[in-house]
Structures are given as C-alpha cells and as structure tokens.
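Taken straight from TrEMBL:
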type	residues	note
TRANSMEM	12-30	transmembrane segment
TRANSMEM	42-63	transmembrane segment
TRANSMEM	84-106	transmembrane segment
TRANSMEM	112-132	transmembrane segment
TRANSMEM	153-171	transmembrane segment
TRANSMEM	183-207	transmembrane segment
Amino acid sequence: MWDHEIRAMASTHAIIAGSVFMATVLPTVLVPGFSVYGTHLLWLYSVSAAVAAVSGTVFWLLGVTAPTKKHTLGYKLSRLFRSCVYFFLSCLFFHTVVVLYGAPLIESALETFSLAVLLSSLTTLRCLCVLGPNVQAWIRVFSRHGAMSVWDTCLQITVACTLIGAWVGAFPIPLDWDRPWQVWPVSCSLGAIIGYLTGLVVAPAWIHYHRKQLTYKCK
C-alpha cells in the first residue's frame, strides 16, 4: 500500500547515510591531522552539519516537510526562526539531560554541548523536517498509536535508535581500559551515530515487513 513511500524512504536514508560517510572521509583529505578520535569535536560538527544540510534538502525535495497554511515570505521566515529556536532549545535540553546523567557540569562543558548539538541534529532536526515547529504534532507522534503516516513511524524508530545508541555508548566510559574512544564524549557520539544509522536501515525494513498490519488515522 505504501510501497512508493517506503522506496522513497529507503533512498532518502541511503543519501543521509552517505552524508555521514562523506563527513567522515572528506575532512581526512582536506584537514591535516584529522581523525575521529584526535579531532573528535571537528568530526562531530562535520557530521552534524552534513546531516542537517542533506536532511533538510532531501525532505524538502520529497515534499515530506509539513505543509504550511500560508505562503507569504513573512510566514516562512517566522517558521524558519521558530525552527531555529526549537533547535537551540533542544540543544540546551539535551545538554541538561546529559549533565543530569553524570556528565561534568563545568569541566568538558564544550564537549557536552557538542554532543547535545549532535543529538539535536539527529533527532530534533528530523522532527522539524517531518512535522515542522509544531510541538503538539511532536507529542502526538511520540504518544502511543500517534503515528499518522509511514514517515511518523520512521521518525519514531530513528529517534529511538539514536537515543538508545547514545545511552549504550556511555557504558564503556567508566571502565579502566584507557582507550582513546573512552574519552568524553567519543563513545556516546559514536553510539548515537551508530544508532542513527541503524535506525535508517531498520525503519524502512520494519515498515515494509509490517506494511499489511499498519493502519493510520486520517489527518
């Protein structure tokens, strides 16, 4: 029933996954001494920027972005401004949550906020692309049986995989292994990205497998 949308979703996810790969490979050629561990924050922002740019462009071209009731320039600028505000607030929210889970409050504050930016780029930005700056729609989608389209279901899966990946990535940090990937927040950001990429693969596959059982309420 939704074969066309599932194929579009799989293609979109392949492009976004490719942007993560390019954001990792290109800096190694262009930036001397670049490495995921050695210049971790640079890599983290490189991935965040690549995912943000590619996701926004692809979702807009596919017409997945939530439609606007008004088409005036002022309304579109207002919508863009609200999206930027929501993204910044999301960064602050993730930063606070990570600190509450045990990250240093003052020491390594830049690293913690950088992880928050990455998490916002992988989760909140996707919500903005699919649902727009509409908190009520976000609450609906992440409530039980709140999905109204395959893209809503995809959003649930990718966000969950990303957050679980970041959470699992924190487990090796206190272990006394003295590995470079145990430095804060390397393992968490790696876990988040691995979880995100896993979600990109799992979401269309899960939806395709369960497509006959999926039913959505009318918008």
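A Cβ is built for glycine as well, from the same backbone N, Cα and C atoms used for every other residue.
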- Query: Would the transmembrane segment (112-132) and the transmembrane segment (42-63) count as touching if the test is at least 3 Cβ pairs under 8 Å, pairs 6 or more apart?
  - Reply: yes
- Query: With an 8 Å cut-off on Cβ pairs and a sequence gap of 6 or more, do the transmembrane segment (12-30) and the transmembrane segment (84-106) reach 3 or more such pairs?
  - Reply: no
- Query: Which bits of the chain, at least 6 residues beyond where the transmembrane segment (42-63) starts or stops, bring a Cβ under 8 A of a Cβ in it?
  - Reply: 8, 12, 15-16, 19-20, 22-24, 26-27, 31, 34-36, 114-115, 117-118, 121-122, 125-126, 129-130, 189, 193
